[in-house]
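Peer 1: From TrEMBL, for reference:
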type	residues	note
TRANSMEM	12-33	transmembrane segment
TRANSMEM	39-59	transmembrane segment
TRANSMEM	170-188	transmembrane segment
REGION	215-251	region 'Disordered'
COMPBIAS	233-251	compositional bias 'Basic and acidic residues'
Amino acid sequence: GAVEVAVQSPIACWFSAMLYCFGGSVLSSVMLAEPPVTFLAKGTNILLASSVWYLVFYCPQDIFCRCFNFLPLRLLVAGMKEVTRTWKILAGVAHANSHFKDAWLVMVAVGWARGAGGGLISNFEQLVRGVWKPETNELLKMSYPVKVTLIGAILFTLQHSQYLPIARHNLMFLYTIFLVVSKVTMMLTRSAASPFALFEAALGRMFFRLQETPPQVKGEGASSSNEASVCDRSSEQYRDSVKKKQAKKTE
């Protein structure tokens with residue numbers, strides 16, 4: 001999908017890539033009534049992101065992508081990305097506090113947007129590429145990065161408001177270690193399951209009465225529906241045969 005768009009419309013692909021890379025800055029600026037094009041003022045970051053985009057899509061024989069298929073290098077880049085996530089959340093919380101003093105809901109929202117803007121703005125980024133997938137809305141079904149960023153925004157907001165008795169540098173260290181370890185573990189085990197799955201299920205059953213249907217019940221329901229369909233078919237065949245016999249007798 002992205003490769004096809006890059007071949008057909010490089011400008012749209014480049015713009016969508018910039019939205020994904022700097023989505024946190026764009027979304028947080030919109031939330032705070034600031035110009036959403038502020039990220040374009042940082043020419044060095046734009047040049048670096050554009051260079052990576054060009055190498056990913058237009059490097060001869062995909063040499064750049066093949067280099068990053070080397071697992072240790074992928075783990076290193078993933079760990080660096082999680083480190084920058086911590087700084088983005090912290091910057092978003094501080095930026096929101098400078099506009100709205102001690103408004104902790106605004107601080108959580110802006111910190112969340114700054115750290116996970118690429119995921120939250122993904123639907124708009126898809127529209128730029130000419131793709132519309134409403135089922136991928138992060139607010140309907142959050143991915144793990146969006147969830148863990150929301151938790152980080154809450155923690156840093158509580159710490160900033162002095163409701164969490166821990167030093168900022170200690171919280172940053174613990175949160176970053178958790179991000180890096182969980183990301184590396186998920187990559188090594190090739191698992192897309194969220195570490196919060198059991199905790200989320202327990203909270204869902206406790207507060208919202210959400211219950212998962214056991215697989216046996218699903219199987220029994222499917223077998224019973226199959227049996228019912230088989231019975232319906234057999235009864236219809238029996239009726240057809242009776243009608244044919246009666247027609248032959250009348251003839």
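Any Cβ shown, glycine's included, is placed from N, Cα and C.
Are these features on the surface or tucked inside, and what touches them?
Peer 2: When Cβ-Cβ distances below 8 Å are used as the criterion, the transmembrane segment (12-33) is approached by residues 2, 5-6, 39, 45-46, 49-50, 53, 57, 88, 92, 95-96, 99, 109-110, 113-122, 124-126, 128-130 of the same chain, each at least six residues removed from its ends.
For the transmembrane segment (170-188), same-chain residues at least 6 beyond its ends with a Cβ under 8 Å from one of its own Cβ atoms are 74-75, 78-79, 81-83, 85-86, 90, 144, 148, 152, 155-156, 159, 164, 195.
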